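**Q** According to TrEMBL, the transmembrane segment annotation covers B:25-44, B:56-74, B:86-106, B:118-143, B:155-180, B:217-235, B:255-273, B:280-300, B:343-364, B:439-459, B:479-501. Residues annotated as domain 'Na+/H+ antiporter NhaC-like C-terminal' in TrEMBL: B:203-487.
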Amino acid sequence: MSIFGKYLTGWTFRANRPSLEVGSEIDVFISETNGSAGRAYIGDTELLVEGAGPETVEKQVRVRVTDFDETTATGEGDLVEVVGESSYSG
Amino acid sequence: MSEAGDEPTDQFTQPDSGGPTVEFYGGRGMSAFPIAFFIVWAIVQTALWRIGDTGGLIVGILVGLIVGMFFARGDWKHYANTIFEGMTQPVAVTAIVAWIWAGMFAQLLQDGGFVGGLVWLADTAGVGAALFPAITFVLAAVFTTGIGTGYGASIAFVGLFFPAGVLLGANPVLLFGAILSGAIFGDNLAPVSDTTIVSAVTQDADIGGVVASRFKYVIIAAVLAFLGYVVAGGAMDGIEVGAQAQEIFLEESDAIGLVHVISMAAVIGTAIAGRHIVEAISWGIVVAVAFNLVFGLAGLGDIVMFNAPQDAPLAGPLESLPILTIVEDPDAVGVGGSLMNGVAGFLELSILVLLIIGAAQIMIRGGAFDVLLEWSIENLATNVRNAELTMVGTAALINAIITINTAAEVAIGPYISKIGERFNLNGYRRANILDGQTAAMGYIFPWSGGVLAGYSAMQQLPDDYSWFEQSMLVTPIDVVPYVFQGWLLVAVFIVAALTGFGREYLIDRESEEVARV
């Protein structure tokens, strides 16, 4: 992206519940887990991530989106891999 | 896909964070006692009793620290060591260095007739008292964006633009507010500002991208603030400077003082070129000294003067030196001149800030800081809108409490990333929310570093100008409502959180590689 483009990015009103595209791969932080599946919040959109155990909590993971319901803003996906750490160190 | 029975619900857990290292009777909240005591002392002293004495504030924080120690459990050695831990943080020393360097620089320009040049220019160009605060705001914003230190800019502009504006009839409170507003603008936006860097680094975002993405919030606030200063400048009267004094100063005002625009440009230029702020201001000092000497604006003795007693062994033979004077009065013995006067105003403030940062560290290590933030994460950040409002609120509150905003930002940075990552807000958005409040709150309240620095510079003005009376000083509490850029920046972020303006998720855009410092 050009420098000028960076200045123009984000002059918009972004939804509280963003849509996810089924089949796409997205990188998100997992906030909670029950041991076998994790949950990520993208704004108020909830994504259930199969295979995201305790080792993924507060880590950035790649998820393949398998299902998404526009009306309830909830989706499901499969864990692909852990891709990053949290910048929160405390 | 998961079975219904596997669906994560109440069993979801989060890892614990480390506990406090200093324990207090009365719980973790008691570790906020020294800071809380100081804030109450500062309000009573500066607002209710109108005593703007930095020495008094030092006593206030000392008493707070001593009384706070009696609430500490176990060996008080840990309490004492925590004070040292806070005082030796680089952020505190960075602020002090910026103050001292900027103090010398501003004094050199002042003694070199820059204020007279400004008055001449404003008079010639027909800039009236009404427009002066708005123009000061813009110039302070540009200057701060160039050099990256809002504290330094506050000192330079209070020393230079403030007396010029007062003389022209601008309202002093509004003028001080405009200077602080300009400092906020630059502190927030400058790529070389320490708060910009801290906000980017703590949120894993690149500095260039952070600056570009925050421009929208800053410029909206700035346009409104500028209009505010134009309107208020027309509505608020200045104070009466004796007509004769004004006339004499105007007559003495000379365009040649404006040569120091180049001194300021030298600072901005070297800072933009990526040099350290100490190097940048040092170049400004070198250029200013050269101009003062070459153009006869000030002599060597005006820059540094040793006032030696008559019985000093080597004073007599070297009396012909332009930097040495033999004085008869024992009280007159000492070192004077622009460099000394520029530094002198910030010595007390430096001690005060070190002690406050020590007290802030007690609050952090004692757990009061965690109590507040854990409570807000658990109870307030229930959805993305509330999470962003919580980020704005906690960042603003912590920065309002801790005098040096960079220190506050370092402390709260991890919490902002924790809340933001929970809702997958990207690094730019998190960094912008964090630094917006950090910049704003560092220049509003009487105990804020920027206000203290500006006020310290202002207290020297009666010594510098015969027409400047004590009554023309602005009491720090009075300026609070007039720091338009600060209040508007916070307001812009509240609206942005409520409406989603400027919000970006990690799935929209990821920040680029962060340049670690």
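Easy rule for this one: first residue shown is 1, then count along the chain.
Glycine is no exception: its Cβ is also placed from the backbone N, Cα and C atoms.
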**Q** Please give the average pLDDT for the domain 'Na+/H+ antiporter NhaC-like C-terminal' (B:203-487) in this predicted model.
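**A** Averaged over the domain 'Na+/H+ antiporter NhaC-like C-terminal' (B:203-487), per-residue pLDDT gives 91.
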**Q** Check the transmembrane segment (B:56-74) against each of B:25-44, B:118-143, B:217-235, B:255-273 and return whichever range has the most CB pairs under 8 Å.
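**A** Per the Cβ count, the answer is B:25-44.
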**Q** Please identify the stretch among B:86-106, B:118-143, B:155-180, B:255-273, B:343-364 with the greatest number of Cβ pairs below 8 Å relative to the transmembrane segment (B:479-501).
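**A** So the stretch in question is B:155-180.
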**Q** Residue list, the transmembrane segment (B:217-235) vs rest of chain: Cβ under 8 Å, 6 or more residues beyond ends.
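**A** Sequence-remote neighbours of the transmembrane segment (B:217-235) are 129-134, 137-138, 141, 170-171, 174, 177-178, 181, 185, 188-189, 432, 436, 482, 484-485, 488-489, 491-493, 496, 502.
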